Amino acid sequence: MRIILLGAPGAGKGTQAQFIMEKYGIPQISTGDMLRAAVKSGSELGKQAKDIMDAGKLVTDELVIALVKERIAQEDCRNGFLLDGFPRTIPQADAMKEAGINVDYVLEFDVPDELIVDRIVGRRVHAPSGRVYHVKFNPPKVEGKDDVTGEELTTRKDDQEETVRKRLVEYHQMTAPLIGYYFKEAEAGNTKYAKVDGTKSVAEVRADLEKILG
């Protein structure tokens with residue numbers, strides 16, 4: 001089962017990716033992790049990626065596609081894989097198709113922007129332990145304090161409203177057009193496309209995914 005997850009940052013893809021990986025026994029392929037692993041391995045593609053990144057440039061789509069092809073040929077991908085964070089643009093999706101990387105399901109996590117802002121901006125973390133709270137959905141027992149240690153909770157820089165809104169604008173400009181692209185691909189019979197209501201609870205979304213994926 002080869003799956004692509006689409007959806008804005010904060011739409012709940014990460015939580016459900018864990019569930020899909022465990023239930024269907026497929027690995028999650030994140031381009032960031034893949035690039036780091038390739039550089040570390042010292043492979044030919046890894047060396048190319050390192051040279052580009054050391055020069056402060058963005059890795060080309062061609063190189064990322066080559067890395068994806070190399071990665072999905074590995075033994076743990078024999079039953080499929082879960083792509084998160086790639087493709088991000090229509091040219092990348094086209095390049096994947098041309099490279100013969102077929103996908104069984106494209107899942108779009110649909111959540112209104114304002115709810116995403118609410119979800120992310122309300123996060124509070126206890127940095128030393130990694131415990132995460134939410135002022136509305138999962139508040140600590142004492143406002144602003146960690147339940148276990150009583151230490152101050154902080155807000156991650158990435159969770160500040162201005163940053164979140166900027167990332168949402170980028171998502172709508174760059175990645176949202178993929179929704180139309182894959183909808184057409186599904187109409188042509190090249191993949192299956194499903195919209196998932198990401199405003200539901202984690203358990204409800206999980207149940208919906210089980211219905212979709214079988």
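Positions of Cβ are set from backbone N, Cα and C atoms, glycine also.
Remember, it's a predicted structure, so these values are computed and weren't measured experimentally.
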Swiss-Prot ATP site partner of G10, A11, G12, K13, G14, T15, R123, V132, Y133, selected from K192, K200 = K200
For the region 'NMP' (30-59), the DSSP residue counts stand at 22 helix, 1 strand, 7 coil
